[in-house]
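Listed in Swiss-Prot for this protein:
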DOMAIN    33-53  domain 'LRRNT'
REPEAT    78-99  repeat 'LRR 2'
REPEAT    102-123  repeat 'LRR 3'
REPEAT    126-147  repeat 'LRR 4'
REPEAT    299-321  repeat 'LRR 9'
REPEAT    322-343  repeat 'LRR 10'
REPEAT    546-566  repeat 'LRR 19'
DOMAIN    577-627  domain 'LRRCT'
Amino acid sequence: MAPDISCFFLVALFLASCRATTSSDQKCIEKEVNKTYNCENLGLNEIPGTLPNSTECLEFSFNVLPTIQNTTFSRLINLTFLDLTRCQIYWIHEDTFQSQHRLDTLVLTANPLIFMAETALSGPKALKHLFFIQTGISSIDFIPLHNQKTLESLYLGSNHISSIKLPKGFPTEKLKVLDFQNNAIHYLSKEDMSSLQQATNLSLNLNGNDIAGIELGAFDSAVFQSLNFGGTQNLLVIFKGLKNSTIQSLWLGTFEDMDDEDISPAVFEGLCEMSVESINLQKHYFFNISSNTFHCFSGLQELDLTATHLSELPSGLVGLSTLKKLVLSANKFENLCQISASNFPSLTHLSIKGNTKRLELGTGCLENLENLRELDLSHDDIETSDCCNLQLRNLSHLQSLNLSYNEPLSLKTEAFKECPQLELLDLAFTRLKVKDAQSPFQNLHLLKVLNLSHSLLDISSEQLFDGLPALQHLNLQGNHFPKGNIQKTNSLQTLGRLEILVLSFCDLSSIDQHAFTSLKMMNHVDLSHNRLTSSSIEALSHLKGIYLNLASNRISIILPSLLPILSQQRTINLRQNPLDCTCSNIYFLEWYKENMQKLEDTEDTLCENPPLLRGVRLSDVTLSCSMAAVGIFFLIVFLLVFAILLIFAVKYFLRWKYQHI
């Protein structure tokens, strides 16, 4: 009875009143104090007076500004970035940006422009990036650009422009990007291209224009960083038209909704009279490939043949011996040996990702690629009972291997012995079966990144990660520890150089306070989406300055003794936890408000208890934890009763003692 009465009095003693201060007013979000503001989609028809004059970056898209003039932004003289996407702008009057001398980037995307004054852009002296995408213009002459000598990129996609000819006096000396994708350009003349002569290493995007003709000599001696003719059906026109040009990257891919046309070897003859380092031919149809199909590709460094319906490459291909990077993704190979790897002795990067048929790795199919550094075989339905030394024979210089999203792989001891130089190994979403007690990774002394997420790996073995002295990043997301606990002795203890540890979605319920003691270099720990309570925070007491993600756990009350551990971290995420917002958690709530700069996703860090404050942001809660009147009353009653009982007890004791003298 006595304990029950005591509890009752203690509850009454600490009855508290709670209140939440919230604001429902829509206003711009401050991203950087006095400098960067987001006012998107607020239905505004003018610049809010609350924005300081010191504003430098303003995101103002999805508002309503039918007309802008010289008074619209006049006081924001420090603007360097202005986004006016979909603001229903029709008219841009004289000297609209006359006060914005420092304006660097102007975005006018998706505004139905009718009029733009000749002096509309006369103010900015350092304008570098202009976006006129989907504005309905039919000619570049619509934009007054004659004074923009600092312009580096101009985006004009999704309009009705039929010629790329730039206006007379258009400054191109510093122009690096000119984007005309999805317009109505079908012919390129010498006159068109002559207006680009002053631009060096330009990236010209004509994707989605279906070029039907190029005047002979239009690209003579031209030098481009990149050219994009994506969606053009007649590749013969392109290769003939680019004669005598020099191009770093040439993009000639097509789209899925276009009719497949066979590419004959004659199409590529024009390549013999131009210089190209990288070509993308994705989604074209190669019906028959002979040994001479690529004979004009002799200087090529990179070739992308994604989704080109290939099921086999013949041996003895001419012209690809110097190729460094080859992409054969989304094709129809059944066995890795069908790519005839001996055709590419200089290859350093190979990607066969998302093969449309189950890919058999075979034995030694890539052994001629002794210079290979990166290999991507993800999403290929690969399955093998003995991975991976026979399959990766002679790849001693391989540094990156991606086998993610495949079928079950069985790993023996030193499963990657043929690849001792590996620095990155990705086995995510591939079920792994470790056959031996010893680690399958133990010879990978240079491995820095290991992704084992959702691999259904048995993590109970303490030797699982032996032999990985250089490992810095380990992702174990979606794997389960025995009984949902990480014990003092565990498989992670040998990873002394680990910096990033991901243990999200691991169904963890507890972590021993000494589980991570040997992991002294960690700076990023993700424990989100588990069943952890605040007691597991003790396991991080030896770490300082880390990013700590505790989102979506079962943390309710954080005791005062744990607050110093949180205080010494760089960034903390506590969103979607059932946080207690009563006086029982008052010390944490006070700490939370004092350390907002450390906290991430504060908009989703909400109270769960008491019901009155459920769904309220912690930052908006103010508790008054002083003793309530009813508490004082019960305290007085309790003290009076206690005093009376004490008096009677003393009196009884003295009487008993007197009687027994």
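Using the three backbone atoms N, Cα and C, a Cβ is placed for every residue, glycine included.
Within its own chain, the repeat 'LRR 4' (126-147) is flanked in space by residues 101-113, 116-120, 153-167, 169-171, 179, which lie at least six positions past its ends and keep a Cβ under 8 Å from the stretch. Under DSSP, residues within the domain 'LRRNT' (33-53) fall into helix, strand and coil as 0 helix, 3 strand, 18 coil.
Across the repeat 'LRR 4' (126-147), mean pLDDT in this model comes to 94.
DSSP labels the residues of the repeat 'LRR 10' (322-343) in these numbers: 7 helix, 4 strand, 11 coil. Using DSSP to sort the residues of the repeat 'LRR 4' (126-147) gives these counts of helix, strand and coil: 3 helix, 3 strand, 16 coil.
Broken down with DSSP, the repeat 'LRR 19' (546-566) shows 7 helix, 3 strand, 11 coil.
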